[in-house]
Amino acid sequence: MNFKELASEYKTPLYVYDLDYMSKQYQELKEAFRGRKSILAYAVKANSNLSVVKHFANLGSGADCVSIGEVRRAFLAGIPAYKIIFSGVGKSDDEIREAIEKDILYINVESEAELFRVAIIAKELNKISRISIRVNPNIDPQTHPYISTGLHDNKFGVDINTAKRMYIFSKNSDSLDPVGVHFHIGSQLTNLEPIYESAVIVADLVRSLEAIDIELKFFDIGGGLGITYDDEATIKPYDYAQAILGTLKGLDLTVICEPGRFLTANAGYFLTKVLYEKQNGAKKFVVVDGAMNDLLRPALYGAYHRIEAITDSASEPRTVDIVGPVCESGDFFAKDYLLPELNHNDLLVVHSAGAYGFGMGSNYNTRGRSAEVAVEKGQARLIRKRENFEDLIALEKEFLEN
Ligand SMILES: *Cc1c(COP(=O)(O)O)cnc(C)c1O
């Protein structure tokens with residue numbers, strides 16, 4: 001990938017996505033489930049650019065969505081309704097209504113109260129809503145607390161007993177069709193054991209439901225597969241799939257997997273240019289043109305991203321903080337990082353930026369969000385324009401007149 005050329009053509013800050021890498025990741029995971037009916041439902045929130053979602057649609061992917069906006073994106077990108085799932089802990093009435101009207105595969109229900117809302121809304125629409133229930137297996141996923149979702153301390157899903165009660169309610173309701181069970185215990189999982197233990201618990205629930213004549217069709221294992229940001233060992237897709245499938249003996253279920261980060265993170269690069277170097281006491285800073293409003297993960301989670309300098313500088317590496325222009329001390333990409341002396345306009349490439357990068361961006365400090373570029377078979381193309389000042393004020397401007 002010629003980052004220098006891309007930066008000069010599309011300017012910085014810039015997101016670049018390698019679509020071929022995304023395909024490779026998709027195929028590897030899909031292949032791991034071979035021999036069993038399975039759907040990969042791409043977790044749209046990881047990278048929701050329409051061209052990226054369309055790329056997955058072309059590979060046969062479904063979509064896991066966590067807002068009706070994402071559901072609309074999935075439809076626009078060509079994902080068929082029967083492969084679209086709507087998850088999330090706080091769906092509004094309007095969102096539920098639209099999901100039912102659009103006849104998506106199912107709604108992942110995250111609380112008893114939500115189930116009652118879905119039943120009422122489906123009845124109003126004179127429809128039967130397919131649902132799945134998100135179980136919280138109370139297993140520690142051993143990941144960052146902000147991206148852990150499978151403990152009772154977390155807001156997600158319901159405990160097994162509540163889930164059972166909800167399935168019985170659904171079976172007896174004439175506006176609900178319980179078709180699946182769902183769990184998603186966290187993100188950036190690098191340890192297989194918690195996923196396996198969760199699958200065992202949830203598969204047991206499926207068996208106990210069969211015993212009372214509630215037959216599910218979908219076993220939705222969520223996403224969460226970790227990737228290598230630094231030097232982490234990760235879970236091999238094949239081991240992951242086999243561990244899950246091992247818990248489903250005697251059950252005739254389609255496995256649904258909702259990968260996000262695994263498919264896109266290491267396909268993405270964030271390109272930013274060096275503005276200045278400065279020294280505050282003993283501390284050396286490299287100030288770049290990208291900021292936390294472009295890539296929030298370091299500020300939000302203290303996340304590590306590998307950063308590569310493209311420079312003619314031949315100096316020895318020094319320890320620096322790489323920071324953006326935003327008025328927050330949290331606005332950094334790396335702390336105490338080793339880089340050679342850099343010149344104005346040298347390029348830094350932030351790796352593993354294809355998931356939870358652009359999508360978490362904002363317009364803080366009245367900064368337009370970066371452009372996005374896709375590279376496929378050696379060809380680069382723009383897939384989102386850089387936001388300009390007019391874009392940023394478009395929804396406010398008319399109120400100045402008053
Ligand atoms: C975020 C999310 C995913 C994807 O998580 P990754 O760690 O990116 O794979 C899958 N399912 C649900 C319900 C999610 O909220």
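Backbone N, Cα and C atoms are what each Cβ position is placed from, and that goes for glycine too.
No curator has checked TrEMBL annotations; they are predicted automatically.
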May I ask you to find which of Tyr146, Tyr337, Tyr356, Tyr364 TrEMBL records for the pyridoxal 5'-phosphate site already listed with Gly224, Glu258, Pro259, Gly260, Arg261?
-> Tyr356
Reduce the DSSP letter at Arg297 (substrate binding site) to three states and note it down.
-> helix
Neighbour count (Cβ, 10 Å) for Arg297 (substrate binding site) = 21
Across the binding-site residues (Gly224, Pro259, Gly260), the Cβ with the fewest other Cβ atoms inside 10 Å is that of Gly260
Close in space but at least six residues away in sequence, with Cβ under 8 Å from that of Lys45 (N6-(pyridoxal phosphate)lysine), the same-chain residues are Cys65, Val66, Glu70, Gly260, Tyr356, Gly359
Out of these recorded positions, Glu258, Tyr301, Cys327, Tyr356, which one has the fewest other C-beta atoms within 10 Å of its own C-beta?
-> Cys327
Comparing local Cβ density (other Cβ atoms within 10 Å) for the binding-site residues Arg261, Glu328 points to Arg261
